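As recorded in TrEMBL:
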type	residues	note
ACT_SITE	Asp120	active site, proton donor/acceptor
BINDING	Asn10, Glu356	Mg(2+) binding site
BINDING	Lys17, His180, Leu181, Gly182, Asn183, Gly184, Asp254, Phe255, Arg256, Gly302, Val303, Gly304, Glu305, Asn306	ATP binding site
BINDING	Arg63	substrate binding site
SITE	His152	site 'Transition state stabilizer'
SITE	Arg213	site 'Transition state stabilizer'
Amino acid sequence: MTARSVLVLNSGSSSVKYELLDPDSGTALADGIIERVADYGQALAAVFAALPSLDGLVAVGHRVVHGGRSFYRPTVIDDALVTKLDELAPLAPLHNPPALLGIAEARKMLPDLPHIAVFDTAFFHDLPAAAAEYAIDRDIAEQWHIRRYGFHGTSHRYVSEQAALFLKQPFSELNQIVLHLGNGASASAIRGGRAVDTSMGLTPMEGLVMGTRAGDIDPGIIMYLWRTAGMSVEDIETMLNRRSGVFGLGGEVDFRELHKRIETGDEAAQLAYDVYIHRLRKYVGAYLAVLCRTDVITFTAGVGENDAAVRRDALAGLAALGIELDEDLNSGADRGARRISAVGSPVAVLVIPTNEELAIARACVDLLAGAR
Ligand code: ADP
């Protein structure tokens, strides 16, 4: 049988990321990023120009950030779905519209192949109500579909499944905390294979301190800036999304640069790091309490996979809670899935590289095979 492939597209507001991969072996056949996208037709043309042969291509998988309440299973895209996703745009104004533009162009270019939407919110669609609901006026919440949707779900699901494989234990029996620390960052608590809490909310702005996003803030700040500082809603949104987080405090998004500046005694960089770690520790503590018993904590994504200092500082001093790192394993050169907890640590601590593209590609072929 010739190898089959899936093209995975992640169409964002300023870039289109693509990967052509074999869903069976997991091998990437081509990948890349088209940056500074103004015209999605041109961007997709550039993607197709960069791809090798499309022989064996069975589907195009599209990452869609927000599935609202209705969409959580991987779904074959047709005109009716596009219309419904369009209606969700106000819930994810920075993310869903570019994804829809990418979908439209890709469908024009490959009209005979199935295009499949895979939702970033999916893994969290059945969060327990106690975790999903905000304590605000219930009628308003219902009318405007306000709840915690959660994001990075494809990564949280993939990494937690890989953690179970790594530990050779059933997914359905493990209680897990997953820390997805990339430019965007989120934490999840997973009990017996089901997500029971996550740090991102109605939008991907809530929760952990991120590269350029503030994460949790007092909502009073928004009213104060609007009313007293005379900032518009757009000004405040831009500030919270693009000029906050580690960048807002320390002037860097990249943790490698942040560490270099900390070493030179840069106080702003140190403060950014300290605020980041403090928030991360608060979430770990919260999820230990949510889960009661935690079997494994897993770090993933750019910072989580590569930054040993972040991992050490996030979990330092928690031996009384059953969490002990082995500092040699933590700071070792290994880059694959690995254990970094000390022998005998009641809670296993792992690093597992995420692979959202592979998870999307596999979701596509499973859907085509009728498995989902
Ligand atoms: P995205 O959320 O855009 O997918 P990634 O998961 O790729 O982001 O994470 C990107 C971030 O990972 C970078 O901004 C940088 O802070 C961090 N990072 C990448 N490599 C390293 C490294 N070797 N050490 C520390 N941080 C790193």
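Glycine is no exception: its Cβ is also placed from the backbone N, Cα and C atoms.
Note: TrEMBL annotation is automatic and uncurated.
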Lys17 (ATP binding site): secondary structure state under DSSP, collapsed to three categories: strand
Close-lying recorded positions around ligand 1 among His152, Leu181, Asp254, Val303, Glu356, where CB distance stays under 6 Å: Asp254, Val303
Which same-chain residues, if any, lie at least 6 apart from Asn183 (ATP binding site) yet have Cβ under 8 Å of it: Met210, Gly211, Thr212, Val253, Gly302
Sparsest-packed of the listed binding-site residues (Lys17, Arg256) - C-beta count within 10 angstroms: Arg256
Recorded positions (Arg63, His152, Arg213), the one with most neighbouring Cβ atoms at 10 Å: His152
Same chain, 6+ residues apart, C-beta under 8 Å of the C-beta of Glu356 (Mg(2+) binding site), given in sequence order: Asn10, Arg63, Thr154, Ser155, Tyr158
Distance check against His152 (site 'Transition state stabilizer') for the recorded positions Lys17, Arg213, Asp254, Arg256, Glu305, keeping those with Cα within 10 Å: none
Collapsed DSSP category at His152 (site 'Transition state stabilizer'): coil
